[in-house]
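Lifted from Swiss-Prot, the feature list:
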type: LIPID; residues: C10; note: S-palmitoyl cysteine
type: DOMAIN; residues: 136-313; note: domain 'TNase-like'
type: BINDING; residues: D149, D225; note: Ca(2+) binding site
type: ACT_SITE; residues: R220; note: active site
type: ACT_SITE; residues: E228; note: active site
type: ACT_SITE; residues: R262; note: active site
type: REGION; residues: 306-331; note: region 'Disordered'
type: COMPBIAS; residues: 318-331; note: compositional bias 'Basic and acidic residues'
Amino acid sequence: MGNSIYRFLCGLCSPSPEYQPHGAHPAVAALGRDIQQFEATSQVPDGLSRHVVSSKKAQANWYKKLIVTWKKARPTPRTPEEAARLVVTTLKNHQKADVEGFLVFYGLPIPNAAASTPAPHTAHVPKPQGCKFELHTLPVDAKAVADGDTITVYIDTADPRESGNVPREIQKAAAERTRARAARDYQKADGLQKMIADAGYRQVPNARGEEVLAKKYRIRLRGIDAPESAMPYGKEAKEALLKMVQGKSLKVYVYDEDRYGRCVGDIYCDGVFVQEQMLKKGCAWHYTAYDQRPELAKWEKQAQSGRKGLWAASRPQKPWEWRRDKRNGTA
């Protein structure tokens with residue numbers, strides 16, 4: 001009898017390759033270890049209840065399901081993203097606050113429904129020459145457009161570019177805020193929202209209206225300079241940009257970062273090159289000091305010839321000269 005107990009206890013202490021495969025991320029190994037532990041003892045981990053809203057009886061039901069799906073998984077999850085997808089698929093019919101809290105407990109990323117479903121295969125399209133990285137945004141909010149050449153966008157943290165970089169405390173705060181809002185504890189939710197925002201994140205709606213955690217980026221449209229808000233045609237330029245992008249998901253090719261910490265990039269909306277439209281409508285100048293692309297000069301010339309937008313004025317002032325005069329006190 002004593003030997004049997006000894007072998008049983010040793011079995012609990014020894015990690016099984018089935019649950020903790022070689023090379024697994026520490027967060028994945030922790031989840032695998034707890035699933036193995038539950039199979040042997042029927043005990044859920046201490047501390048999980050602080051992250052979820054359901055009872056320990058319900059939690060035990062989750063681990064029963066995870067035992068089955070974990071054993072069937074081929075290959076066994078090794079990365080946080082793989083483990084998160086398995087958890088979301090296994091617990092898809094459970095409360096969102098529970099699923100997110102479970103993921104936060106293990107330090108796993110919180111994917112949305114779209115991210116948990118494999119995307120259809122598409123041909124690889126190389127990035128333009130000089131492009132450092134590419135962003136795919138969530139739908140743009142009306143307040144995101146500062147003027148005719150600057151826009152704030154948000155990237156879902158389930159995106160492969162972001163998923164491994166979200167601080168664990170921000171994942172935890174987002175899950176806690178979701179639960180606080182569900183419980184109508186708006187004071188707590190507002191405090192957590194400030195913490196999330198201070199770290200450069202925000203919970204925003206995705207294309208299906210589901211609130212997801214997202215990373216904030218400020219984008220400066222590459223190659224154009226729109227009139228400042230206080231300049232003639234400044235408000236019209238802002239409205240033109242807003243009309244194009246509001247409620248739309250954008251593709252952004254980022255080439256550089258300016259001195260204000262903004263990403264300098266080309267923006268596409270439904271396949272349309274946004275800077276091209278801004279120039280053709282006479283809503284911006286070609287910013288030749290920073291971008292000499294001939295097509296930008298051509299589109300600006302077309303607007304000038306047609307006296308469109310800001311070119312309807314006899315002598316429109318260049319935004320960079322207006323800013324210089326303002327700095328010098330001569331504006």
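Glycine too: its Cβ is placed from the backbone N, Cα and C atoms.
Everything Swiss-Prot records as a feature, shown here on the structure.
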residue: D149; record: Ca(2+) binding site; CB count, 10 Å: 28
residue: R220; record: active site; CB count, 10 Å: 23
residue: D225; record: Ca(2+) binding site; CB count, 10 Å: 23
residue: E228; record: active site; CB count, 10 Å: 20
residue: R262; record: active site; CB count, 10 Å: 20
Request  = Quick one: pull the CA-CA distance for R220 (active site) versus E228 (active site), whole Å only.
outcome  = 13
Query = Across the domain 'TNase-like' (136-313), what does the pLDDT come to on average, as a whole number?
reply = 93
Inquiry  = Can you tell me which of the recorded positions D149, D225, E228 is spatially closest to R262 (active site)? Compare CA atoms only.
reply    = D149
